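Engineer: Pasting a structure here, questions to come.
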Amino acid sequence: MDQFKKQSRLPKFAVPKHYDLTLRPDLVTCEFTGSVLIQLSLVDATKFIVLNALDLSIRGVWFSNSRKQKCYPVEVVLDKDDEILILEFREELEVGEGVLGIDFSGTLNEHMKGLYRGTYMDGGVQKNMVVTQFEAVDARCCFPCWDEPALKATFKIKAEVPAELTALSNMPVKSEKLNGLMKTVSFEESPLMSTYLVALVVGSFDHIEHTTADGIKVRAYCPVGKSDKGKLALDVAVKVLDLFTEFFSMPYPLPKLDMVGVSDFSGGAMENYGLIVYREAELLFDEQQSAASNKQRLVIVVSHEVAHHWFGNLVTMEWWTHLWLNEGFATWISYLATDQLFPEWKMWSQFVRDFTVGLRIDALDQSHPIEMEIGHARSIIEVFDSISYQKGSAVIRMLQGYVGDDIFQKALASYMEKYACKNAKTEDLWSVLSEEFGADLNAMMDTWTKQKGYPVLSVKLNLDNYLEFEQSQFLTSGLPGIGQWFVPTTIAINSYDNRKKFLLETKHGEMNISEACQDASQSQQDANFWIKVNVEQTGFYRVKYEEKLAVQLRKAIQNNRLLPADRFGILDDMFALCEAGEVPLSYLLTLMGVYKEEFDFVVLSRLIEICHALIQVSIHAIPDLLTEMKQFFVSLFLSASEKLGWEMIAGESHLSTMLREAVLMALVSLGHEETVREGIRRFRKFLDDKDTPLLPPDMRRVAYKAVMRKTSTADKSGLVTILNLFRKADIIQERIRILRCIASCPDAEVVADVLNFICSDEVREQDVVYILRNMSPECHETVWKWFKDNWELVLKKWGSGLLLTDMVKDIVDPLCSEEMGSEVEAFFKQQANPAIEMTVRQSVEQVRLKAKWVENIKNDVSLEALLKSSQVGDTWLSFHR
């Protein structure tokens, strides 16, 4: 039997064709029993059948061959480490068809994976529900199966459940049979699908429904009494189903699509074939109580999950190495769909902001290629990261720009047609795209998917009007990398009417700008002349300009001659170069000074994020100049806050509403007393009157944060009051708003109280991320100490799946010293866990990079004079001009 152990994939001498699966969950004892009949094709004679199973008790096993001859295994071994079930038979099983029957039982776990127990309130009474979450490799926790995406099969699912509850699965209900207090619900047979997409939900729901133009019935299942909150998600799902049907020239493959919101769910949502499961917060929308950001998030998430029914469910990656084919494409097309539904939201500009996290992680030495080899099954979860999602989607958008929209869409339609109901590798997509494009794209795209990292293009303009390029791998460490890419390069020269694009295939390249700008020589003498590389940030790379070109771009920003995405890109690249030690902090601050009149949501959002990041390192690097640093940052946002004010204006744009919250939140975080006082004043009015127009949903986080920033050990009344609001809130988004603010207090003792609150039954396990991602910069080491001291509790509550990975990132990444890096590394050496190995390495690297950045900042001789001059009016605009 040892030959089957320590293997990343199952042997292929037995292949499943069809599953008849019966599940009997007991919502009182929180256990389940089940039986499965698996129609197999034996392609080799064998004494062994090997499949996946984990945390199950095997009660009986038999095999029947094509002649109906039944035999029983002489040995049944469950290997917990390798998550396999090995069945050994006395005689060889012959080549041909057969049926494997297994009876099994298990526990409805509380860890939001496999077949698990969720809870909900019904009339003040807590009740249990049943939910599945099988991605990536947890179908094996529910029933023995070939738990690999390439081993597709059809499924007939049957569930024996309490008669009063609703049972949902991938397919429509075929029949229901009452048996006293129980009922047996049988579902129609599914098309071919992978095990990770099988789903079952049992609970108490209300629903609303609609039908698409093609006759597909779409339903939104919501908590009882809240079905009206599912209307937005239902409307979006119906519209994007029609949109994707047209875009892919391929109809939706199932007769129905259900969406269900559940209280306990580790991710945001899961694209199970025909039954998308959401966190309630991602599915429910209340016109009166939800914020503009909630609406945008919902539209993107629904679009993403529906898109998976083509990219992922219909055409499935062959193995988890190609996960990005699922997640990168679903992310990219969710922006495309949202942009079509709500063009005023400017989603492609927002996309530029959202993929910066991919750039940040991919600049680490501990990054990984988009196509990553997978070892242990539990390590698969780490590939669900910003490389697969954000880098994957950004590379897709870059390729779309290179080949053209029409060719790209036609190629995707051909890809869908060719691989429908099958599995595909990355190379299969490139092959179809190359055929449509008329040139081989494999070599170009391999540089983006098979190697980690990305380039920075160093750009300078010589006297002969040649723009010179040099590419090198960009690493935040500042060390030289070895990567080289085929870079689709775009350039705008003094005007967006003068655009050029070319493919930089070698380390060095050049372009005669006179070809794009007839008066290039004369223009170079013009004080307002500028050149922007990576136009509208459509490429996944950074740009470093020589000083002359950088100064000209600063002037172009001041003169409002650049599009928002380009203003964003210049700022984001400069921040990254500063973090890597390529330019001093004083240089970055000088650039930031020209954004004082900025009013674009995407640009200001990034400026705010950069300010927060600089505060984190400045606490350690220049504590004596922290006040001046914050004063300067405040000055960057005052113009926008004065234009926006506190009052929402009837008919104002979606982006203005989101910008107001972002700017005022930033001012509160930076300690702007006037904003803090106004936030607290409005909070007090809100306590007296929950319907006061002084504090609508979009502004509540500002007020909550203002209260918490003023809370202290001496006076904890702010925390007490806000927690009381949390306990009384019946709108899920309101509870999340509160959770995202309660740890923003600068007092370590108050934060310790919040950490104790995290561990209570009042906070659902999946909601821990809202708190930890919004910790005050003054208390990160307090949080790390709590994490270490409570490691056993952390493992018990959050030790499975994405939640532990997220916790490691949220707690470790903000730390900022060599000593802390060594402490984290030493701690996790004692806590070996394949599900977080890569995450720990990346987080430790980021801690040490920040420590190095602290030293660079300490050595910046221009910084003190520059910061102290910032208090003098417009000095910032002229400094270093």
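Heads up, the Cβ atoms here are built off N, Cα and C, so glycines get one too.
Got these off TrEMBL a minute ago, pasting:
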type     : residues         : note
DOMAIN   : 15-197           : domain 'Aminopeptidase N-like N-terminal'
DOMAIN   : 233-448          : domain 'Peptidase M1 membrane alanine aminopeptidase'
BINDING  : H304, H308, E327 : Zn(2+) binding site
ACT_SITE : E305             : active site, proton acceptor
SITE     : Y389             : site 'Transition state stabilizer'
DOMAIN   : 530-848          : domain 'ERAP1-like C-terminal'
Engineer: I'd like the Cβ neighbour count for H308 (Zn(2+) binding site), meaning other Cβ atoms within 10 Å of its Cβ, all protein chains included.
Structural biologist: 24
Engineer: Using all protein chains shown, find which of the recorded positions E305, E327 scores highest when you count other CB atoms within 10 A of its CB.
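Structural biologist: Most Cβ neighbours within 10 Å: E305.
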Engineer: Once H304, H308, E327 are set aside, which residues in the chain still have Cβ within 8 Å of the Cβ centroid of the Zn(2+) site?
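Structural biologist: Other same-chain residues with Cβ inside the cutoff are E271, E305, A307, F311, G312, N326, F329, A330, T331, S334.
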Engineer: Give me the Cα-Cα distance between E305 (active site, proton acceptor) and E327 (Zn(2+) binding site), rounded to a whole Å.
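Structural biologist: So the alpha carbons of E305 (active site, proton acceptor) and E327 (Zn(2+) binding site) sit roughly 10 Å from each other.
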Engineer: C-alpha of H308 (Zn(2+) binding site) to C-alpha of Y389 (site 'Transition state stabilizer'): distance in Å?
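Structural biologist: Here the two Cα atoms lie 13 Å apart.
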Engineer: The domain 'ERAP1-like C-terminal' (530-848): mean pLDDT?
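Structural biologist: It averages 94.
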Engineer: Can you count the other CB atoms that lie within 10 A of the CB of Y389 (site 'Transition state stabilizer')?
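Structural biologist: Counting Cβ neighbours of Y389 (site 'Transition state stabilizer') within 10 Å gives 23.
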Engineer: What Cα-Cα separation, expressed in whole Å, is found between E327 (Zn(2+) binding site) and Y389 (site 'Transition state stabilizer')?
Structural biologist: 5
Engineer: Roughly how many Å lie between the Cα atoms of H304 (Zn(2+) binding site) and Y389 (site 'Transition state stabilizer'), rounded to a whole value?
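Structural biologist: So the Cα of Y389 (site 'Transition state stabilizer') lies 11 Å away from that of H304 (Zn(2+) binding site).
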Engineer: For H304 (Zn(2+) binding site), list the number of other Cβ atoms lying within 10 Å of its Cβ atom.
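Structural biologist: If we count other Cβ atoms within 10 Å of H304 (Zn(2+) binding site), we arrive at 26.
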